[in-house]
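Per Swiss-Prot, these features apply:
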- Thr45, Cys46, Asn47, Arg48, Ser103, Glu108, Asp109, Gln110, Gln114: substrate binding site (BINDING)
- Cys46: active site, nucleophile (ACT_SITE)
- His93: site 'Important for activity' (SITE)
- Gly179, Tyr180, Gly181, Glu182, Ile183, Gly184: NADP(+) binding site (BINDING)
Amino acid sequence: MIGVIGVKRNVDIAIREKLALYPKKHKKYVGELLNSFKEVVILNTCNRTEIYFNCTEEISEDEIFDKIFNVFNWNDDLKKYMFLSKEKRAVTHLMEVICGFHSRILGEDQILGQIKGAYKTAISDNSISSELQKMFEIAIACGKKFKTECKMFEVPVSSVSISINSALLKGCRKFMVLGYGEIGKLAIKHLLSHKVECIYLIVRDKSKASDLEGEIVEVLDFNEKNQVINEIDCIVSCTAAPHTVVRNEDIKTEGETIHIYDLAVPRDVDKELSEKERVILKDIDEISKIDDKNKKIRKERMEEYKHIVEESIDEFLNWLKIREVSSKIRNIKIRENEICSERIKTFSNKGNGENAKLAERMIKSTADAYVNRAIELLKSEALKGSDSYCAEIIEKIFLT
C-alpha cells in the first residue's frame with residue numbers, strides 16, 4: 001500500500017513549527033521508518049512536512065499514525081492537524097503538489113526542485129526501490145512537463161519574489177538576507193536584478209558565498225550581523241535553524257522603519273519584535289496572503305494544463321496494474337522457452353542440421369506470435385481491472 005501522511009493545508013505556523021523536522025536527524029528518521037515500511041521518502045521544506053511510504057502488510061490508519069509519530073517524537077495531540085492519503089489519493093496528492101497546486105503561494109515552482117532533492121536523498125539512503133521510486137520518477141517528469149508547457153516563468157511567483165517586491169514597493173533599498181540555502185540564493189538573485197543600495201548576506205560559513213563579494217553584496221557571519229542590522233530597511237530571513245536567529249534585543253526600539261519577512265519554519269525571528277513600533281514583521285503565512293497581480297493569471301493557466309497531472313496519475317496507476325501481472329507474463333515466457341527447446345530438440349534428433357535450424361526459427365516465431373498475443377490480451381485486461389479471469393484461462397493454456 002502506498003500512502004502519504006502530512007500536515008494539513010492552512011494549519012497555523014505555530015503548529016507547523018512543532019511538526020518541523022531537523023535535517024541533521026534525517027538518517028536516524030529514515031532508519032527507524034524502514035523498520036516499519038518497505039519504502040520511505042521524507043519531504044521536508046519550510047512549508048511542507050510529508051512522509052511518503054509503501055508497506056506490504058495490511059496496516060490500520062491508527063497504526064500508521066502511531067509508527068510515524070513515534071519516530072519523530074511528535075505529541076499525539078497534533079494528529080488532528082495531519083492528513084493521511086492512500087493509494088490513488090496519495091498519487092494524486094504528489095502529482096498536484098509537484099505542479100504547485102498545493103503551494104501556499106499558488107504555482108510556486110520551488111517545490112519541483114525540493115521534491116527532486118527528496119527523491120535523490122531517498123535513492124542515496126536506499127529507502128526506495130520499487131513502487132515509490134517509479135511514482136516519484138513519474139511525478140518529477142510531470143512537474144517538468146507542467147512547468148515547461150504551462151510557461152509559469154511568464155508569471156513568476158515565489159514567497160521570495162513576493163517579499164522582495166513588497167519591500168521594494170515600500171521604498172526599501174538596504175537589505176539583509178539571513179541564510180544561503182535554496183531560498184537565500186533566490187533572494188540574492190532577485191535583489192541583484194533590482195537597483196538596491198546594498199545587500200548584507202549573513203551566513204555560517206563565509207567561504208560558501210565568497211563569490212558574491214562586490215560593490216553591493218557584503219558577506220558577514222552571524223556574529224557580525226548586529227553590527228549592521230539597525231542600519232538596513234529590510235530583512236529577509238530563511239535559515240534552517242531550529243532556534244531564533246533574530247532576537248527582540250537585536251533591534252533597537254528607536255529608529256527608521258524596518259520590514260522583516262520571515263520565510264522560515266520554524267520561525268527565525270522573535271515574534272515579540274512585532275510589538276516594536278518601527279518593526280513591520282510578516283511570517284510565511286502572512287506573506288502568502290499578500291495579493292499580487294499575477295495570482296488570477298496563474299490560477300487560470302494552471303487549470304488549463306491540469307490534464308498533465310491527470311495523465312501522469314493514469315500513467316503510474318497503469319504501471320501498477322501491469323506490474324501486478326508481470327510475474328504471470330514472466331512465467332509464460334519461461335514456459336514458452338521450455339516448450340520450444342523440447343520441440344527443437346525432438347526435431348533435431350530426427351532431421352539434418354540445415355533443416356533443424358530452419359525448424360528452430362519457425363517453432364520460435366510461431367510460439368512468439370501466440371504467446372505475445374496472449375500477453376497483450378493479459379495487459380489489456382489488467383488495465384481494465386478484469387485480468388483475473390483472463391489470467392486464469394491463459395494459465396490453463398500455457399502453464400498446466
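Placement of Cβ uses the backbone N, Cα and C atoms for every residue, glycine included.
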Does DSSP give Ser103 (substrate binding site) helix, strand or coil?
coil
Pop the Cα-Cα gap between Ser103 (substrate binding site) and His93 (site 'Important for activity') into the table, whole Å please.
12
Might you list, by sequence position, any residue in that chain lying six or more from Glu182 (NADP(+) binding site) with a Cβ less than 8 Å away from its Cβ?
Gln110, Gly113, Gln114
For Tyr180 (NADP(+) binding site), write down the residues of its own chain that are at least 6 apart in sequence and whose Cβ falls under 8 Å from its Cβ; none is a fine answer.
Ile188, Leu201, Val203, Lys208, Ala209
Taking DSSP three-state, what's Gly184 (NADP(+) binding site) in: helix, strand or coil?
helix
Restricting the comparison to the recorded positions Cys46, Gly179, Gly181, Ile183, Gly184, which residue's C-alpha is spatially nearest the C-alpha of Ser103 (substrate binding site)?
Cys46
Reduced to three states, what secondary structure does DSSP give Gln114 (substrate binding site)?
helix
